[in-house]
Structure formats: structure tokens, C-alpha cells
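Noted in TrEMBL for the protein shown:
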{"type": "DOMAIN", "residues": "86-327", "note": "domain 'AB hydrolase-1'"}
{"type": "ACT_SITE", "residues": "Ser166", "note": "active site, charge relay system"}
{"type": "ACT_SITE", "residues": "Asp292", "note": "active site, charge relay system"}
{"type": "ACT_SITE", "residues": "His321", "note": "active site, charge relay system"}
Amino acid sequence: KPQLVASNDRFCRFLEEYCPVVTETYYPTIWCWEGRVQTLLRPFITSRPQVQYRNELIKTADGGQISLDWFDNNDSSHYPDASTRPTVLLLPGLTGTSKESYILHMIHQSETLGYRCVVFNNRGIAGEELLTPRTYCAANTEDLEAVIHHVHSLHPSAPFMAAGVSMGGMLLLNYLGKTGRDTPLMAAAIFSAGWNVFESVESLEKPLNWLLFNYYLTTCLQSSISRHRQMLEKLFDMDLVMKARTVREFDKQFTSVMFGYRSIDDYYEDASPCRKLKSVGIPVLCLNSVDDVFSPAHAIPVETAKQNANVALVLTSCGGHIGFLEGIWPRKCTYMDRVFKQFVQAVFEHGNKIFSM
């Protein structure tokens, strides 16, 4: 059974009644129970539901643009009125977009419940051009704030919550820690967040993890900016950036410099959500597996979570990073997908029971 960490008895009872999956025994797929195997196999094993998006480009205050992919769910029989149709903002991982299988599954789950989804693609990553020499990072919440304000302004009467995966979850937590209760979001769900970036990069630099994950992630980061080389060369030594062989080296030469940090340590400290968890002012459910090499078990802020009545952690012993595969042949729904579906439904349809906490 997962470990449920929450200091608020009412929040616990709410989850037990309306999101019972967090108290059920999780049986990982028996032939890929190890965390790294789960992490590696999920993108190849799970199906990719068909989703028809409507793309919207919005302008930012600094002259840039952000690509949003909308799933309007206009055929929703549960919520035929678009103005009050519940809306879920989805934040993919480090180099992820609206095309990731885990995002498509979240949208598929939301579709069955009648909800609308919008995917926040980080700058320059979803095929759109960079209009300014700026991309994104886990610590800077300006683009997310702009997106949340934009979506809420379009549908001010619609219940609104967000879900972030991996770096998307870190960004969402950093935003919530900054804004407290001053947000139009009702609640949030966080999956496989890296709580302490120092511990995450150290774990990923162990030889086997570097071979399986770190080097590949670094090349994905380099690939995501190489298309914008002409724009970025105005500020960066791109040859040096392209020589990075770890995420830490990439962040040292590129990310921390772009966002004006004095050192990579300053950036990593600012990017670590564990430092801001005590300031979160809305109900947040966070799912992590303790065998996730991207977010080591000892770095999960269990004691800090116990000090904030708005926070609940769900910790499984297996599942890896965005894995949570279950069943003999885990093509479709994962444990993570079931947590997402039950929690968003609980918030949208029974949320009044926790908002009086």
C-alpha cells in the first residue's frame, strides 16, 4: 500500500472517500517492477490515445510567445456549457510537450469526465519560433503565471485546477509556493517531481543512471535549443553549451546564465520545490515513488509536508519516474493515471468538502 502523508485529518478523509486509489495496494507490473525499468519502458509500452488539439500562441510581456494546446471537449455531455466546463492545465516534463503519452492519457481520462484540458508547452519546445533569446527553467514562474491568468480570463466561471509532471510539477510547486492562496487554481496534482535538485542531479550522475538517463536527457535539452541557435547565439557560446555531457553541465553553461543566477548552486536552490512547500496555500496531492532515481527517497520532504495542512504526499515503494505501470501487459491505464482521474474528479465534484479546511 502507498504511504499517505498528510497532517490534515479532513484532507485525509476526503482522499480516502473520493480518491480511494491512494489507499489501495499498488501492484506494479511483475516483469518490470524495478524503478529504472519502469522509467525506461513506459514511453514504449503505454498506448498513445488520439487527441485533437487546437493550438493557440499567446504573447508574453517580454515579446516572446507561448504555445498552448487546447482539448476543448466540446462534445462533453456532463458539461455542455463551455463557460462552466471544468478546466485542467497540464504541465509536461523537462523536454516534454502535449504529445507525451502521459499527457495524452491525462486528457483521455479528463475527456471521459467531461472536462476541458489545456497543455502549457514551454517556450521554443513545441515547434513554435523563439521570438526572444529566452527559453524556460524550473524556477522561473513568469510564463506559468501568464498562462494561468490567460486561461482563467477566458473562462472565469469554470472550475480550474492544474497537474504537473516531473519538471512541470516542480514549476507548478514553485509557482504555488510563491503565490500561496492568491491563485485562481482550486487545487493541484503533482507527479514524480524532483524535490531537491542537488540530490536529483547527484543521483543522475551515478554511472548507470548517467548511462541510462542523464546523457540522453542532456542531448534532448541540446536538441530542443539547437533549432533556435541563431537566436540564442546572441547571448550564449552555443559551441560550449553543445559540449555538455550532463544536465548539470548544461544548466551551468546555459540555464543558470539565461536566468541571471550568480552560480548553478543559486539556480538549483531556487528551483528546488522543497524550499517552498510550506507556503503552498491550496490543496495539493503529490505522487512519488521511492525508487525514482530522478527524485531520491531521502530528498522527499516528508516532515515539511506534515507542517502544511494543504499538502498530501502519496509515496509508493515501486513505480520509477512517471512509470507506475500495473497489470500483466500495461498498455493503457497506469496507477498514476488513476490517481490523476480520481483526484481531479474529487476536486471538481466534491471540492467544497476540502475548501473549508
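Backbone N, Cα and C define each Cβ position, glycine as well.
Within 10 Å of the C-beta of His321 (active site, charge relay system) we count 25 further C-beta atoms, all protein chains included. Per-residue confidence over the domain 'AB hydrolase-1' (86-327) averages 97 (mean pLDDT, predicted model).
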